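Annotation comment: TrEMBL describes S241, D336, H370 as active site, charge relay system. As annotated by TrEMBL, domain 'BAAT/Acyl-CoA thioester hydrolase C-terminal' applies to 212-421.
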Amino acid sequence: FVTKLKCNFQPLKFHMSNQIRLRLLPSTRCLFDEPVQLKVAGLRSRQVVTIKATSTDEREVVFGSSATYRADDGGEVDLNRDPSLNGSYVGVQPMGLLQSLKADTLHKYFFKNKALKPHVVKFSVHEQEADGRILAEETNERFLMGDGVSRDPIKEGNIRGVLFTPPGEGPFPAVLDLGTFMSEKRACLLANKGFLVLTIAVFSDRQNMKEIHLDPFKEAVDFLRHHPKAGSKGVGIISRSKGTDIALSLAAFVPGVEALVWINGTSASVGTPLYYKKQQILSPLMFDFSKVITTKSGANLIKYATDDPLEEKNKGSLVPIERAKSQFLFVAAEDDLNWDSKDYMDEMVERLKRCGKENFETVFYPGAGHLLEPPYGPFCSSALHGMLSFSVVWGGEPRAHAAAEIHLWKKIQEFFRTHLSCDAAQAKANL
């Protein structure tokens, strides 16, 4: 079935307590990747208050944050202007309450991967003195799907995914969103920006991790190439972490990949052998679990446990990206503690240069960690690793990481628009 979601963005509304007003601007409803401005009015001059945020993820885990502010002489607090004095963060951070949401227990990732329900955040203003009573409150509904975007589950051949289509006749640039596990978030947010996006997962479940076959992913590429609303001759691919070696392999071995965004990934087939057309094409790059370091928090540092792909015995695991005709955007974070994505990126750049290629650009984010996602979601420094079944540290300084996500989200869109030019004649040829 095809689902169309109407956001019905409404005019601003707010609750009042003794004329104290909490406002969310420009509206209480917005898209997930849009900022809101929080303002409080009606306080006493220079009054100190605590502003709290709470949200429950798809696994019913409650996340919360708080920050203390001092009103100005006119009794107003503006999070775009005023610094937090203490709490979950300090200083001027307009979206700090959302980005610092945390669970009461350690190593929790905020799961918001399904597109049909909004990310709901409840804000409240509390008296600093006495019993901390609520002075005002408001709810922010942050939708993943914009007006007119279609959501269509796909079960065709070996493809198991979800297709997001922007409103209108098209043609649209086509993008394959390749996650380690299934998530609809990034795909539908890209569809809001005018991209035709199919999201699929490397692993459909945790039982099938012994080997990977490239053929089903080729089917996904071909599905997008021949979609009647696809206007680009080839497709773009966006991936992070384990998905990056599959994405690189598609660019190297499968025709039709025009542009590839590689985020905090690897240059080799990590953990599993890769097969194509019933033949092994890449050997697995393995882990040395004796190099895993357990931190004081109980989460594990695994960055140094992956074998070196440049050692002679491991070179069969390297993806031959020099064969690819696509454009690459390589993105690495300085504090990626999952693996050494900066070294992998540098090695691939040097390899392409040696082959006389200039089909790449790089972005490096100081202070950012592994989990670079669309902006304004809760920062996660450690969580259960989906492949390894124990908690790991992801890295990142919260403020630097948040800034990187805002910049990267714009960069991704610019990159795909540049290299996936749309042609109405191509869309007609697909019919």
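If you go along the chain as it appears here, the first residue is 1 and each next one adds 1.
Each residue, glycine too, has its Cβ placed from N, Cα and C.
TrEMBL does not curate its annotations; it predicts them automatically.
D336 (active site, charge relay system): 25 other CB atoms within 10 A of its CB, across all protein chains. Reported as a whole number, the C-alpha separation between H370 (active site, charge relay system) and D336 (active site, charge relay system) equals 4 Å. Along the domain 'BAAT/Acyl-CoA thioester hydrolase C-terminal' (212-421), the predicted structure has mean pLDDT 96. Looking at D336 (active site, charge relay system) and S241 (active site, charge relay system), their Cα atoms lie 10 Å from each other.
There are 25 other Cβ atoms within 10 Å of the Cβ belonging to H370 (active site, charge relay system). Counting only same-chain residues at least 6 apart in sequence, those with a Cβ under 8 Å from the Cβ of S241 (active site, charge relay system) are T180, I263, N264, G265, N338, H370.
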